There are 2 protein chains.
Amino acid sequence: MIYMAVMGHGTVGSGVVEVIHTNKYQVEKNLGEQVCIKRILDLRDFDVPYADLFTKDFNDILEDDDISVVAEVMGGIHPAYEFTKSLLERGKSVCTSNKELVAAKGAELLQIAADHHVNYFFEASVGGGIPIIRPLHTCLAANRIEEIAGILNGTTNFILTKMIHDKMDFSDALKLAQELGYAERNPSADVDGHDACRKICILADLAYGKNVAPEAVHTEGISSISLRDVAYADAAGYSIKLIGRTKPEGEGLLCMVSPALLPKESPLAGINGVFNGILVRGNAIGDVMFYGQGAGKLATASAVVADMIDMAKSKDCVTSLSWVDDGKNYVVDYKTTRVAFYVRLQGKDLRNKIYRQFEKVTFIEHLREAEDEIAFITPVMVEKDFYARIAALSSHGVQLKNSIRVLDY
Amino acid sequence: MIYMAVMGHGTVGSGVVEVIHTNKYQVEKNLGEQVCIKRILDLRDFDVPYADLFTKDFNDILEDDDISVVAEVMGGIHPAYEFTKSLLERGKSVCTSNKELVAAKGAELLQIAADHHVNYFFEASVGGGIPIIRPLHTCLAANRIEEIAGILNGTTNFILTKMIHDKMDFSDALKLAQELGYAERNPSADVDGHDACRKICILADLAYGKNVAPEAVHTEGISSISLRDVAYADAAGYSIKLIGRTKPEGEGLLCMVSPALLPKESPLAGINGVFNGILVRGNAIGDVMFYGQGAGKLATASAVVADMIDMAKSKDCVTSLSWVDDGKNYVVDYKTTRVAFYVRLQGKDLRNKIYRQFEKVTFIEHLREAEDEIAFITPVMVEKDFYARIAALSSHGVQLKNSIRVLDY
């Protein structure tokens, strides 16, 4: 019998209990042993059939030597960090869906786990239920990872999908996402890209073995995208997605989150609604993509419970999951990297002024209602250089309405 | 230092050597140890820089106690089966890309491996380099698998893509696939669906824990598909793909390979060229899809080498990969299951005759050049029943030009 505990009984936590209950047969068949949730930690009271399992005292889990497997699904860094640290030091394996904690403290917690011959798993921290952490670490272990690019946040992808397919503007699409429970009342973590940022940091940590701090990662959200931009992108054969991406760049890493125009044929461009997709480019395997529900109670719980099963199974084999946090920042200044831009400008005599700054651009000719507006795509250039030219244009009375990177996967 | 051997130096075998050589840094970093390919078994002679590693004598590998990890990439059942058995009994871990062997003897070889505390891995046997075996076994372990449906053969998907996008007919598309090296000179294993059949058998074995023999699986190829069918499907909003699928059906399993019309919005419908895609539907996770190159030298080698790394790492922990072969056939008669059909008929007074057999059908009105031809989609019905109605129609002088199942993922 494997005794387990769950810390946090919010959406994911209650989903973990539900999945273990509903799929007890599969769970125990795959584990080869019976499982029992012995404790659930939450400060709130719940009127559920298993109310007797609840405790408000963390020590009821920490000091219970029966409990060998714990799921931390509280979210936030404190006290999740302190609790996880104590549990690992006590010789208990811990898994989590807490991207904020893994992105901030993953390297340290993995080291503590290794030192105490237990596991710290976090499959659910990226892509919800989508298998990505294990496949990246194990199945792609023979590859040099050339690039990772992903639609890592379902809420923003839902909003963009509504803007693209239903011509809903950003604020209406956001309102709908909130009504449907996809977005929080304070949607900043999603729409400003912070959630996607934590996830791309975790993927970069794993793929390149170096700690990438979310604070070091340039992060843009989707709130400035208008239906005009969506329409111009569409006319030029692109879809706008919020993309987190990382790749080696010189001695360091490029790691950033921003909206991007993707060619409609791109596998990522076809991912709609709350779904996530993560594209991994390896030097042997080429492109592989992982697709599924990036959030949601049961989907996320599915990954947490899979981690719990795996931790219970691999008591004696500690994973080699790890990356080094040597305090250095390996993230290069994105302004020094090369990319193409979609640009929408307003002003007079635009073409001549544009030609004076950009030798060669592709104008998006369609839907040019307004005489004083124009949209085009630049060649690939160093970002710094791009901003300088835009600055020069505005000094000639040209107003930048929006600029969005153009990626090619 | 981990000493390894490779049995077979064809496309995949030479790819394995190349990947281990090219990505030595990643391989050894991920493994945490140095690796050395000590022996390569092949009956042919090769003029390669590492020619000194070759042997024609299997015993040079079997009896070399340094060698703990062996990749079997010979293909075919004999002597791969005998070699693998001996190596496992000798306490060496073996991995393979040999779908024919895994589909036929997987249950037995996994049992032998377990009995001797070694591993038998086969990530590369399905989907080439695409991670699917481990994710299905580990990351989705908390799910009841409700269905698996996949584009499992890159050659046929390339041919169908050419027919759909370039209006090339089957034989020209096949010729092109052969010129490009995607199809064998004898293309039967691909175009008749046998390759896809072995792969869906392996996925069914894993997902449901029962052995599914390829001989028990109804398998149809793509050679009967005409450009007329492609055009009708397109007009009705579908793409034609070769789909291997399995799901629980009553006390048994539905497991079959056949062409199918998929709605164009389906994630599988968007998979083109030599790419594969595998959709797994779990009761907790919902739909997840794995996408990538299903074949090719380096992509397949990427999965084989990942298995070699994992086997070297997990010396002391034997995987729980297994399924039972109790000699029983769990595959239900597909004719007793329910599905909708696309039908193309030729004859006179077709609509009246059709209405006499099928109360309710959806005619595909577009591109009806020929007065004596008609295409339509039936309601979902038991297959037996469908064939009876078609038989009745032909007894009234109506000729069945083609019928293809309509699936909805």
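Backbone N, Cα and C define each Cβ position, glycine as well.
These features come from TrEMBL:
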type     : residues                                                            : note
BINDING  : B:MET7, B:GLY8, B:HIS9, B:GLY10, B:THR11, B:VAL12, B:GLY13, B:SER14 : NADP(+) binding site
DOMAIN   : B:8-123                                                             : domain 'Aspartate/homoserine dehydrogenase NAD-binding'
BINDING  : B:LYS99                                                             : NADPH binding site
DOMAIN   : B:131-309                                                           : domain 'Homoserine dehydrogenase catalytic'
BINDING  : B:GLU184                                                            : L-homoserine binding site
ACT_SITE : B:LYS199                                                            : active site, proton donor
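In three-state terms derived from DSSP, B:GLY8 (NADP(+) binding site) belongs to neither a helical nor a strand segment and is classed as coil.
A distance below 8 A between C-beta atoms marks none of the recorded positions from B:GLY8, B:VAL12, B:GLY13, B:SER14, B:GLU184, B:LYS199 as lying next to chain A. Here the Cα atom of B:GLY10 (NADP(+) binding site) is found 14 Å from that of the residue listed as 'L-homoserine binding site'. Note: the NADP(+) site is recorded as B:MET7, B:GLY8, B:HIS9, B:GLY10, B:THR11, B:VAL12, B:GLY13, B:SER14; in the same chain, B:VAL6, B:GLY15, B:VAL16, B:ASP42, B:VAL73, B:MET74 also have Cβ atoms within 8 Å of that site's Cβ centroid. Considering only the recorded positions B:LYS99, B:GLU184, B:LYS199, the residue whose Cα is spatially closest to the Cα of B:GLY8 (NADP(+) binding site) is B:LYS99. Listed in sequence order, the binding-site residues from B:MET7, B:HIS9, B:VAL12, B:GLY13, B:SER14, B:GLU184 having a Cα within 10 Å of the Cα of the residue listed as 'active site, proton donor' amount to none. Secondary structure at the residue listed as 'L-homoserine binding site', taken from DSSP and collapsed to helix, strand or coil, is coil. Across the structure, B:MET7 (NADP(+) binding site) and B:LYS99 (NADPH binding site) place their CA atoms 15 angstrom apart. Cα of B:THR11 (NADP(+) binding site) to Cα of B:GLU184 (L-homoserine binding site): a distance of 13 Å. Here B:GLU184 (L-homoserine binding site) is positioned 15 angstrom away from B:VAL12 (NADP(+) binding site), judged by their C-alpha atoms. The Cβ of B:SER14 (NADP(+) binding site) lies under 8 Å from the Cβ of B:VAL48, B:LYS297, each of these being in the same chain and 6 or more residues away along the sequence. B:GLY13 (NADP(+) binding site) sits 15 Å from the residue listed as 'NADPH binding site', counting Cα to Cα. Around the Cβ of B:GLY13 (NADP(+) binding site), 25 further Cβ atoms fall within 10 Å across all displayed protein chains. In the three-state DSSP scheme, the residue listed as 'NADPH binding site' is classed as helix.
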